[in-house]
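Novice: My questions all concern the structure below.
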Amino acid sequence: MRGATRVSIMLLLVTVSDCAVITGACERDVQCGAGTCCAISLWLRGLRMCTPLGREGEECHPGSHKVPFFRKRKHHTCPCLPNLLCSRFPDGRYRCSMDLKNINF
């Protein structure tokens, strides 16, 4: 009976509260795991979240290429994965692509 009362109170608190728990929130890259960086959220202004490094075809920013970056990032995208390059495409956008200079033909 006590357990049921506790669960009821917890559910009541969850439904009444005006907050959310955000996992993956960060301030700097060193707080994120391998293969991620601390980028600005597109949805919540002022929030930074651990975000995966850019894969081939994903948007990137040419000035954002260091991981870890020891200050606060100013972009919503992470640098590309180590084997990729942030390249400008004909449509004017920057995307992660293969570094053709390092391929042996």
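Using N, Cα and C of the backbone, Cβ positions are placed for all residues, glycine too.
What Swiss-Prot lists as signal peptide is 1-19. What Swiss-Prot lists as disulfide bond is Cys26-Cys38, Cys32-Cys50, Cys37-Cys78, Cys60-Cys86, Cys80-Cys96.
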Novice: Please give me the disulfide-bonded residues out of Cys38, Cys50, Cys78, Cys80, Cys96 that lie within 10 Å of Cys60 (disulfide bond), comparing Cα atoms only.
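Specialist: Passing the 10 Å Cα cut: Cys78, Cys80, Cys96.
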Novice: Find the one among the disulfide-bonded residues Cys26, Cys50, Cys80, Cys86, Cys96 whose C-alpha lies closest to that of Cys37 (disulfide bond).
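Specialist: The answer is Cys50.
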Novice: Is any of the disulfide-bonded residues Cys26, Cys32, Cys38, Cys50, Cys86 within 10 Å of Cys80 (disulfide bond) (Cα-Cα), and if so, which, in sequence order?
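Specialist: Those near Cys80 (disulfide bond) - Cα within 10 Å - are Cys86, in sequence order.
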Novice: Are there disulfide-bonded residues among Cys26, Cys32, Cys38, Cys50, Cys96 that sit within 10 Å of Cys86 (disulfide bond), Cα to Cα? If so, list them; otherwise say none.
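Specialist: Near Cys86 (disulfide bond), where near means Cα within 10 Å, the disulfide-bonded residues are Cys96.
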